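To keep things clear, I will list the structure first and then write my remarks on it.
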Amino acid sequence: MKAIVFAYHDIGCAGLKALTDAGYDIQAVFTHTDDPGENNFFSSVARVGAELELPVYAPEDVNHPLWIERIREMQPDIIFSFYYRNMLSEELLSLAPKGGFNLHGSLLPHYRGRAPVNWALVNGETETGATLHKMVKRPDAGDIVGQHKVAIAANDTALTLHKKVLEAAQALLKEQLPKLKNGTASFTRQNEAEASYFGRRTAADGEILWHKSAQEINNLVRAVTEPYPGAFSYLGQRKLIVWRARVLDTRHDKQPGTVLSTSPLIIACGEGALEIVAGQNDVGLYVQGSRLAQEMGIVTDVRLAAKPNAVMKRRTRVLILGVNGFIGNHLTERLLRDDRYDIYGLDIGSDAISRFLGNPRFHFVEGDISIHSEWIEYHIKKCDVILPLVAIATPIEYTRNPLRVFELDFEENLKIVRDCVKYNKRIIFPSTSEVYGMCDDKEFDEDHSRLIVGPINKQRWIYSVSKQLLDRVIWAYGAKEGLKFTLFRPFNWMGPRLDNLDAARIGSSRAITQLILNLVEGSPIKLMDGGAQKRCFTDINDGIEALFRIIENRDGLCDGQIVNIGNPTNEASIRELAEMLLESFNNHPLRDRFPPFAGFKDVESSSYYGKGYQDVEHRTPSIKNARRLLDWQPTIAMQQTVADTLDYFLRTTVQEGDGA
């Protein structure tokens, strides 16, 4: 059986040898050139390939059409990936009739993604292993061929655990490769409910947070000790690296990071204490903890902590256009909870942000983006991060006022994009789940899903294509002129202050606000085409936390990226949303202040939205980018979001009525 192999690291070497032993005909080996900035403690795939007299390549992009064509000419039957660091495209995988198979260093579906051995130690796991699975579009998500478990000992480090996983991988391959070859392998689908995903780790992730427990800190030390860069902290401006540590059940009343003893060197933690058994300063030698204390002049009661800034860092200035809107006012609230940000905002109203007007870090001007262009350009020049949140985003307006949608959503926002290019400012642009249109993928993927819209006479798509065109323009400015950007795509965010009931009265609101208006006024709940359309509803607090992390942009991971922000587990039809809302309404303490429920009424969408409307049956996001780039996962159940949103509107309605 002819095989193409993508491999790196010790496990890549083990994979090559196992395939050779199993009688596979290896046509070519693809690997990576070694990074001179990395401690290459592992064996060389290139060297093993040469010893086996195999052709070895190390292209920068194996998914490039030229390489795909070369691999096609090799006519592989099967493809293997053993710790190869890049994703293989669907087109490449399709070249092998038997498919592609990857060896992963965890017990999938747990610890998908990068550095699974290190992450397992960081999180204090007691078991991991090796998994051989089929490769699919989503990383580490294909059917499992086989697994071998490995026990994690209390004294295991990343290196010792890696060696255990390597032995498990060798045994697993010896067991399963013959079965794949003769067609007797069995496959088990992964349980998505148990899946977890972890992103890449960098040296900066080794910083010790002393408010954590001694056990958690020791787990970090074990995960990043030699041959990795090590866990570290600071004594003033001087860096201290911890190579080995011991957890102590010591009670104390000191602040975390305080030195309790210098011989042995013991540090107070949020819970318990940590003895530094061995370490070094950043220009010294590997020494015992007590010797390290002597070398660095560490004395009892001093505190280890993060490296202090030499000068006070200026707050990041964030410009929010459309600050009074649903996303804008919730984002302002989140930013003001963090002292690192000053917010500058513009909008045509201030009812939703009135609670912030007395805050010295919030600067607001009432105005229209189509008129106040000079003010906007000045503040783009002045600020660091720009969020143009002004848009018409209610479905009925797409058919009722298509030209106004285009003028505001595209033309006015294009001016802002160009000012960001002009002044070299970072823009975080609100794309939309609408850009996916009638995409037929099960999950909408930022990097691979097709963007499919309807015919020209269906004017509802003018919003989608206006946003999509801006996405493409921003992407092009990034590629050609260095614009720093992130595109985020909200999937049906809900919560308090979403639209208002006056907007719902003229049909210019999102679904849940329209449904709440029906309940408040005692009118029938209108379900367009029976309400069978499914959406994934996302709590505003979950969404804003993801957006906040995009603004933070740790290690620049979000630069040039597109990020879906949605909750795939909160999928429901509009009818199910209405039924959930009705149940919450009937159980609300203010229920008796409102009319009786008038029932459900099925309505044709064309009669409500107009002839140019066209709906979509489902819209489910892939959130792999959000998990990978933001370390973000939605947590709030839809029932809670519905209850919170309803409560806000009911209490607001009663207060306004009592005030009148």
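Using N, Cα and C of the backbone, Cβ positions are placed for all residues, glycine too.
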Listed co-binder of NAD(+) (same site as Asp368, Ile369, source Swiss-Prot) among Asp347, Asp351, Asp384: Asp347
Set of same-chain residues at least 6 away whose C-beta sits under 8 angstroms from Arg114 ((6R)-10-formyltetrahydrofolate binding site): Phe198, Gly199, Arg200, Arg201
Among Asn102, Arg138, Pro139, Asp347, Asp368, which are recorded as recorded positions, the nearest neighbour of Arg619 (active site, proton donor) by Cα: Arg138
Remaining residues near the recorded NAD(+) site, that is with C-beta within 8 Å of the centroid of the site residues Asp347, Asp368, Ile369: Leu321, Gly322, Leu346, Ile348, Gly367, Ser370, Ile371, His372, Val390
Separation of alpha carbons, Asp140 ((6R)-10-formyltetrahydrofolate binding site) and Asn102 (site 'Transition state stabilizer') (Å): 8
Longest CA-CA distance among Asp347, Asp368, Ile369, per record bound to NAD(+), angstrom: 8
Number of other Cβ atoms within 10 Å of the Cβ of His104 (active site, proton donor) across all protein chains: 26
